[in-house]
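Trainee: I am attaching a structure below and will ask some questions about it afterwards.
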Amino acid sequence: MTKEKKAGSGTRVLKTRVKKKRGLKSSSRRWLERHLNDPYVRRANSEGMRSRAAYKLIEIDDKHHILAPGMKVIDLGAAPGGWCQVAAASVKSDPAKPSVVGIDYLEMDPVPGAAVLQMDFLDDAAPDRLIEVLGGSPDVVLSDMAAPTTGHRRTDHLRTMQLCEAAADFAISVLKTGGNFLAKTFQGGTEGELLSLLKRNFRSVHHVKPPASRDESVELYILAKDFKGRQAAEG
């Protein structure tokens with residue numbers, strides 16, 4: 001059912017309420033209500049975006065300018081495709097010769113302007129395959145990867161940090177000089193070594209939390225800009 005809720009401007013916004021159903025836990029019902037009433041979810045549905053996560057990348061790029069026409073981009077953990085959509089539009093990728101390549105072990109529908117690989121990024125063959133399909137080194141490496149949550153905050157943080165570190169190692173090994181790296185992490189206090197690695201290899205490194213990332217979420221993004229080049233990485 002829906003219920004009218006007054007907005008600050010005097011307009012009315014319909015708020016969706018989920019009826020109580022046998023077998024549906026109250027926590028699941030609250031999550032579903034929040035999801036259905038999320039303005040970013042509604043915006044994604046109306047604008048044809050694959051997920052609300054697309055707006056996280058849009059907001060980060062609007063502020064930090066990491067994507068530009070003509071760039072080549074690799075998107076790690078691409079499913080369901082929201083970031084690929086944003087990247088392809090931002091770099092003006094040609095559907096006939098995509099300059100955006102996404103990879104995920106989950107199946108996802110094709111994204112215009114992006115090539116999609118269904119394979120595990122941690123597969124030994126994945127890095128070479130990504131560069132082969134892209135046709136050269138990327139200007140930007142994106143990673144919205146997160147390990148499946150267990151409900152144990154410390155464990156979830158450590159598992160996602162492992163993915164973030166793997167993404168950072170990959171970015172350092174393939175990026176063009178001057179390139180950018182953006183990756184999801186969780187607040188948890190164990191990312192010191194990763195930050196040190198990135199600061200040695202990029203001229204600017206900091207955390208960002210876009211408005212589309214929920215306030216109660218422990219999710220953060222690490223943004224590393226202006227890659228110093230392979231010589232710095234090997235030094």
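Glycine is no exception: its Cβ is also placed from the backbone N, Cα and C atoms.
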Trainee: Name the one residue among Asp120, Asp128, Asp156 that Swiss-Prot lists for the same S-adenosyl-L-methionine site as Gly81, Trp83, Asp104, Asp144.
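Mentor: Answer per Swiss-Prot: Asp120.
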Trainee: Measuring Cα to Cα, how many Å separate Trp83 (S-adenosyl-L-methionine binding site) from Lys184 (active site, proton acceptor)?
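Mentor: That comes out at 12 Å between the alpha carbons.
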Trainee: S-adenosyl-L-methionine site residues Gly81, Trp83, Asp104, Asp120, Asp144: biggest Cα-Cα distance, Å?
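Mentor: It comes out at 17 Å between the most distant Cα atoms.
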Trainee: Tell me the Cβ neighbour count for Asp104 (S-adenosyl-L-methionine binding site), meaning other Cβ atoms within 10 Å of its Cβ, over all protein chains shown.
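Mentor: Cβ-Cβ neighbours of Asp104 (S-adenosyl-L-methionine binding site) within 10 Å number 22.
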Trainee: Determine, from DSSP, whether Trp83 (S-adenosyl-L-methionine binding site) sits in helix, strand or coil.
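Mentor: The three-state answer is helix.
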